[in-house]
Each structure stands twice: as structure tokens, then as C-alpha cells.
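Trainee: Got a structure for you, questions after.
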Ligand code: NAD
Ligand code: G6P
Ligand code: MN
């Protein structure tokens, strides 16, 4: 392990950046870093985070060269890994993504339904731009992407940059597996061996075992029937809206006695209830702006003011260490088994080979090798075919500038009741996104 790596965090001004920096510092023995750069297209926002992180780095790892920039050439030259978490349009646009569909009694969500499609139409251009910078300035680098909506972003890169060295990953299964491990009485999610398939934010665990081969599924299912994925342990304390989400799993997990579902399926299987409980004036975007965003930026400003990060409020985002696991798998050919969003290519035998699916892969220096899933049941297959069509149509709409395809995409979403409502939502979204979307004809 002589080599030290050069990393750029794209979306340096993200609310997650300080936690990621703390996590990278805590993992330097596993993943040594010589240079860390921040890149963002909002200099002011990034500067606040960079000032604080610069102080943290100076105090904890003065050998790491650190720089924050908005200049692509500076950011992407001499880079081994890009860790990308951009949010094109920031929270102001997330708020509109959530509130516009709600006007028409359709759920408003960051990555699901019309809100997710709207966000996708903004993200595609931003992600493609970063891939092009990477290929121009550091063609041997890998991009580890967790910018959302990951499903649409992954389909866009498959279609538009098929050779790009980008790996798309999501932390939701990791977060749920941490909960499952605790329910099963295990210390770590890595004490479990799982099988899972689906699309991003749209999948199911089919097997959960410990390393001795004991089936943990019955115990976890029994618990889920009582409490969903909620735990009393303060380590798993969640924002109220996330507790509601973890709880709601109770309502639909029984649809299939052989699996456990991803929480995001609530938006497709309990859509009426989600709309009923929604606060149209105050959505998750408002909650995050008043919560995580405010806390993170207040703390960054405080650190900059006092000039030291001693006793700082940032904790190691340990669950984000999956990003280091992924970088290590590429860098050291570790052959770790991880859930990634990859082209199906027959892994799910009765499903579109060109669909971007979330399945276990063995990850080594040449990227992911997906494991075979086999044939999936009609229930999941039907749901996934509808959803993957939404995602593919959205990407086609972006690439072709097609109003019709985007109208079809929104109409096809299981969260939307009719073509008429889809059109009303679409027309409002076009107006709201005029600075971000390609022109649609
Ligand atoms: P945020 O708004 O705080 O940060 C995003 C940053 O990206 C902002 O500083 C913004 O200026 C910057 N940005 C926007 N467009 C850009 C562009 N074209 N080029 C460079 N920078 C750009 O958002 P956040 O809540 O911290 O989330 C960041 C991203 O991470 C979101 O996409 C979110 O959905 C995603 N996320 C994904 C997962 C996952 O499981 N895949 C988990 C958590 C967060
Ligand atoms: C999970 C998902 C992410 C999503 C995030 C939203 O971690 O996997 O894809 O971005 O939740 O969280 P927020 O706190 O911003 O609503
Ligand atoms: Mn996710």
C-alpha cells in the first residue's frame, strides 16, 4: 500500500462533504490520500465548507494537499477518484420538485415520481459534464457517483457515455442493512451475506444469512411486522419523516412473503397514503434546509471563525465508508461484493438486458462483475418494467428534447393517476426548470 491517492469531491459545497471528509480521515490506513480537492460550480457555497474542512485537514492530516476550486482543469487534473455528490438546482429546486406534483395530489419526492424525473432532467447534464472533464484531464480516473436520482443518472451515462468509468451506488440498502444486522443481533452489516435485486430505490432482499449460513430472513421479517425498520437504539435515531418511512414498510412487506423491500417502494405501493399525509407547505426539502443544511453550514462558519476544529460538531459518517470500500475495490482489486447500479446484461434473466439494475457485483480493478440473479417473479418484474420504462423515457426525452417522451414518462409513473394530470404537472415543471432543462419540443 505504498501508493497514495488523489481524490476530488464533486459537489464540494454539499451538506455531506464534512462527514465524508471525516470518514476519509478515519480510513486513511485503508485508503491513503495525498491530495484532496473540492470542486463545485457555486464558489460561495463551497467556500464555507472548504474553509472549515481546510482547518480540519490542517489539524488532523497536514500532509494531505488540499484545494477547493471551481475551475474544471484544476479540479480534475492528476486525479485517481472522483467522489460525486452534486445536486443540480440545489434545495430550492428540490422544494419545487416536491411541491409541484402535490398541487395535483401526486406525491412529491426527491427521486421518485414526477419530482425524481424533474431532478433527473437537471442532473443528467451536470453528471455528463463531470465525466467529460474526467476523460479530458484524468482519463485513468474512476468516478464514484452517488448524485441522485441515481437510476436516471445511471441510465443516462449508460446510453450517452457507455465507456465511461463511472460506478453508481446508493446508500439506502446499506442504511437498511445496518438496521437489519442490529435486528438480527449482529455487530455489523458485514456479518451478513445478502442477495438483492431491483432498480435503484426500487428493490428487494431475497436472502439474508450470517456467515455460518443461518437464514436471518424469518427473524427480521417478524420484527419488521411489528416495527418496520425502526429501532429504539439511539444509534438509529432518524428524523421524524424517516421514522414514518421505516414504519410504513409494515404496510407492504407482506405483499411478498419471500423478500424484504427497500423503503422507497412505499412511494409506489402506498402512494395514496403518502399524499394523504403530505404537508403541501412544508416538505422534506424544507425539513432538510431547516435541519441538516442549517446545522452543517452553521458549524462550518463557526469553525472558520474560531480557526480550529477542536471539539467540532462533525462526526465521522461511518456508514459512508462504503465509498472507501468501493475505491479500495478498484484500487487494490479487493473483489469486494457490493450492490451497484449496473447494466443488467442477463443477470436478471427475464428482464430487459439494457436496464440499469441494482444487484450484487464483485468489484475489482476493472470495475464490477455482476452476479447472476436468475428469473424474478411476475409481481416484481411487472413493477420494474413499468419503472424502468419511466427512467428510459426520461433519458430519451432529455437526449432528444422530446416533450412527448417526458409526458409519456410522467404518465407511466405508478405515482401518477392519468395522462391529464401528468401533462399539468409537466407543464408546471417545465416552467420551474427553464434554467436547467433542455428545451422540449
Ligand atoms: P447540496 O445541495 O447540499 O450539495 C450539492 C452541491 O452540488 C452544491 O454545493 C451545489 O452547488 C453543487 N452542484 C450543483 N450542480 C453542480 C454542478 N453541475 N457541478 C458541480 N457542482 C454542482 O446537496 P446534498 O443534500 O448534500 O446532496 C448531494 C447529492 O448527494 C444529491 O444528489 C443527493 O441526492 C445525493 N445523495 C445520494 C445518496 C445516495 O444514496 N446515492 C445519499 C445521500 C445523498
Ligand atoms: C437516502 C437515499 C439517498 C437520498 C437520501 C435523502 O440516503 O439513498 O439517495 O438522497 O436518502 O435523504 P434526505 O435526508 O436528503 O431526504
Ligand atoms: Mn439512494
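Heads up, the Cβ atoms here are built off N, Cα and C, so glycines get one too.
Predicted automatically and left uncurated, TrEMBL annotations should be read as such.
Feature table excerpt (TrEMBL):
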TRANSMEM  6-28  transmembrane segment
BINDING   94, 148, 284  substrate binding site
SITE      110  site 'Increases basicity of active site Tyr'
BINDING   170, 201  Mn(2+) binding site
ACT_SITE  171  active site, proton donor
DOMAIN    196-416  domain 'Glycosyl hydrolase family 4 C-terminal'
ACT_SITE  264  active site, proton acceptor
Trainee: Please name which of the recorded positions listed here, 110, 170, 171, 201, 264, is nearest in space to residue 284 (substrate binding site), Cα against Cα.
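Mentor: Result: the closest of the recorded positions to residue 284 (substrate binding site) is 110.
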Trainee: Using the Cβ centroid of 94, 148, 284 as the reference point for the substrate site, which residues of the same chain not in that list have Cβ within 8 Å?
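Mentor: Apart from 94, 148, 284, the close residues are 87, 91, 97, 98, 109, 110, 111, 115, 119, 285, 288.
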Trainee: Please check each of the recorded positions 148, 170, 201, 264 and report the ones with a CB atom less than 6 Å from an atom of ligand 1, ordered along the sequence.
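Mentor: Only 148, 170 qualify.
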Trainee: Can you check which residues sit near residue 94 (substrate binding site), meaning Cβ under 8 Å from its Cβ, same chain, 6 or more apart in sequence, and list them in order?
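Mentor: Long-range Cβ contacts: 87, 110, 115, 119, 285, 288.
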Trainee: Could you check which of the binding-site residues 94, 170, 201 have their CB within less than 6 A of ligand 2?
Mentor: 170
Trainee: Among the binding-site residues listed here, 201, 284, whose Cβ has the fewest other Cβ atoms inside 10 Å?
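Mentor: Among the binding-site residues 201, 284, the lowest count of other Cβ atoms within 10 Å belongs to 284.
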Trainee: If you count, for each of the recorded positions 110, 171, the other Cβ atoms lying within 10 Å of its Cβ, which residue has the minimum?
Mentor: 171
Trainee: Same chain only, please: residues at least 6 beyond the ends of the transmembrane segment (6-28) with a C-beta under 8 Å from a C-beta of the stretch. Say none if there are none.
Mentor: 34-40, 42, 45-46, 48-50, 52-53, 56-57, 60-61, 68, 75-76, 78-87, 130, 147, 288, 292-293, 296-297, 299-300, 314-318, 320-321, 323-324, 327
Trainee: For a quick check of packing: other C-beta atoms within 10 Å of the C-beta of residue 148 (substrate binding site), how many?
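Mentor: Cβ-Cβ neighbours of residue 148 (substrate binding site) within 10 Å number 22.
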Trainee: Within its own chain, what residues at least 6 apart in sequence put their Cβ under 8 Å from the Cβ of residue 264 (active site, proton acceptor), listed in sequence order?
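Mentor: Correct list: 111, 112, 172, 201, 202.
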Trainee: From the recorded positions listed here (94, 110, 170, 264, 284), select those whose CB sits under 6 A from an atom of ligand 3.
Mentor: 170
Trainee: Hey, how far is residue 148 (substrate binding site) from residue 170 (Mn(2+) binding site), Cα to Cα, in Å?
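Mentor: With the alpha carbons as reference points, the distance is 9 Å.
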Trainee: Let me know how many other Cβ atoms fall within 10 Å of the Cβ of residue 170 (Mn(2+) binding site).
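Mentor: There are 24 such Cβ atoms around residue 170 (Mn(2+) binding site).
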Trainee: Please compute the mean pLDDT of the model over the domain 'Glycosyl hydrolase family 4 C-terminal' (196-416).
Mentor: 97
Trainee: According to DSSP, which of helix, strand or coil covers residue 201 (Mn(2+) binding site)?
Mentor: coil
